[in-house]
C-alpha cells in the first residue's frame, strides 16, 4: 500500500510538472507571436521607426534640456513634421533625456519593451491582489492576458504614440498594491517608503496626485505624507536642474490647457471634453465643469472610502483611477490604460464566481475599450461640435463607464466578486 501511495503521489507531481511546463510553453508561444505582430503590423501603426509622435516630443524635450535650450520655447519639428510643444514639468524632460541619447528606432524599441514589461507586471499584481492567482501562476495568467490587454484602445494608442502612461500606471499600482515595499536582500533592506512612487508619478504628469486620496481612504497617512514629500522633492530636483524652465512652467505653462491640444477633440475622454463637445464655451463651460466635477468628486470620495472601509483594496484603487480620469481637464484616450487591468481582472473574477450579471457588465466594458466608439464619428478640426446628440453620448462612452462605476460603488451596489484584501 505504501508503494502504491508513493507511486500515485509521484504521478500527481509528474502531472503537475508537465502542466506547468505546458502552461509556460503556451505563454512563451503567445508572447512570441504577439511580439512578432508588434513588429510587422502594417500602415506604420506599430513599426519601430515610423510612428511615436509623443515619443518624438519626449526626445525633443530631453534634447532641449541636455543642450540647455528653452524647454517651453520653439522646439524642432517632430520626425513627421508636426510643430508640437513640450507640455510636461521639467523633471519629465530630465527623466526622458536618456531617450534623446539614442537613435529614434532604439528609443522606440525601448519604450515598447518597457511598456509591455510593466503592463505584464501590473496584470500579475492585479491578479494576485484579487486572489485569482498566486506566484508563478499569476505571471502565466498575465502573459496570456497581455495580448488582449494590448488590444484595448488606450494600450494600442500608447504603443502607437510611444506614450508613458503605462509607466505611471505601474508606479501607482506598485506603490498602492504591493503588500510590502521593502525587502531584505543580502541582509540589507531594499525598496522604497510607500508613497514615493505616487509622488514621482505626480511630479511627472500631475494628475496622479489624486491617488493620495486612496492612501487617505485606507488611513495610510504616512504614505499620503510621503507622496507629498516625494512630489515636492522630484519637482525640486527639476527646479535645480532647470530653474528657468521650472519658473516658466509653474507660473505660466501649467495653467495653459490649450497648449495640450484641442479640448473638444474626440480623444479627450474626460468630463471637460464632453462639455466642450456640447458647444459650451468660455465661462459657461468652465463653471459647468467646476460644478459637475465637484459633484462627481463627492460621489467619487464616497465610493472610494466605502470600498476602502470594506477592505476592498483593488476596488478602491480602481475607483480612484476612474475619478482621476473623469475630473482631469484633459484625459486623452491613451490615459485610460487603467481600463485593461481593471476590466480584465473583474471579468475573470466574475467568470470565476459564476456571477452572470457582473460578467455581462464587465464583458460590455471589454467590448467598449476594444471598440473605442469615440472614433466612430468625424473627428479633428472641431468636427466633434457637429455631432448629433446620440453621437455625443456614444462618443463619450469612457466617461459614462467611469461615472457609472463611481455611482454604483457609492450606492453600495458594486458586486462582491473579490475577497476583501486577500493578502
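Each position is counted from 1, following the chain as shown.
Glycine too: its Cβ is placed from the backbone N, Cα and C atoms.
Under the heading transmembrane segment, TrEMBL lists 21-42 (among others).
The transmembrane segment annotation in TrEMBL covers 109-127 (among others).
The feature transmembrane segment is assigned by TrEMBL to 167-185 (among others). Note on the transmembrane segment (167-185): residues 114-115, 118-119, 121-122, 125-126, 129, 191-198, 200-201, 204-205, 208, 211, 214-215, 223, 313-314, 317, 337-338, 341, 423 of its chain, located 6 or more positions outside it, place their CB under 8 angstroms from a CB of the stretch.
With a threshold of 8 Å between CB atoms, the same-chain residues lying at least 6 positions outside the transmembrane segment (197-216) that come near it are 88-89, 91-92, 95, 164, 168, 171-172, 174-176, 223-224, 226-235, 238, 254, 301, 304, 308, 316-317, 320-321, 323-324, 327-328, 335. According to TrEMBL, the transmembrane segment annotation covers 197-216 (among others).
As annotated by TrEMBL, transmembrane segment applies to 223-240 (among others).
According to TrEMBL, the transmembrane segment annotation covers 288-307 (among others). Outside the transmembrane segment (288-307), and at least 6 residues removed from its termini, the chain residues within Cβ reach (under 8 Å) are 213-214, 217, 271-272, 275, 280, 315-316, 319-320, 322-323, 326-327, 329, 403, 405-407, 409-410, 412, 414.
Per TrEMBL, transmembrane segment is recorded for 314-330 (among others). Packing against the transmembrane segment (314-330) from elsewhere in the chain are residues 126, 129-130, 172-173, 176-177, 207-208, 210-211, 213-214, 217-218, 257, 260-261, 263, 268-273, 289, 293, 296-297, 300-301, 303-304, 307-308, 336, 338, 342, 345, 398-399, 402-403, 405-406, 409, 414, 418: each is 6 or more residues past its ends and has a CB under 8 Å from a CB in it.
Residues annotated as transmembrane segment in TrEMBL: 336-351 (among others).
With a cut-off of 8 Å between Cβ atoms, the residues of this chain six or more beyond the transmembrane segment (358-377) that come close are 151-154, 266-267, 269, 333, 336, 339-340, 343-344, 346-347, 349-351, 384, 387, 391, 394-398, 401, 415, 417. The annotation transmembrane segment is assigned in TrEMBL to 358-377 (among others).
Residues or ranges marked as transmembrane segment by TrEMBL: 397-418 (among others). Within its own chain, the transmembrane segment (397-418) is flanked in space by residues 130-132, 269-271, 273-274, 296, 299-300, 302-304, 306-307, 312, 314-315, 318-319, 322-323, 325-326, 331, 333, 336, 339, 346, 349-350, 352-353, 355, 357-358, 365, 368-369, 373-374, which lie at least six positions past its ends and keep a Cβ under 8 Å from the stretch.
Beyond the transmembrane segment (336-351), the same-chain residues lying 6 or more positions past its ends with a Cβ under 8 Å from any Cβ of the stretch are 119, 122-123, 126-127, 130, 132, 145, 148-150, 152-155, 158, 165-166, 169, 173, 269, 314, 318, 321-322, 325, 358-359, 361-363, 365-366, 369, 398, 415, 417-418.
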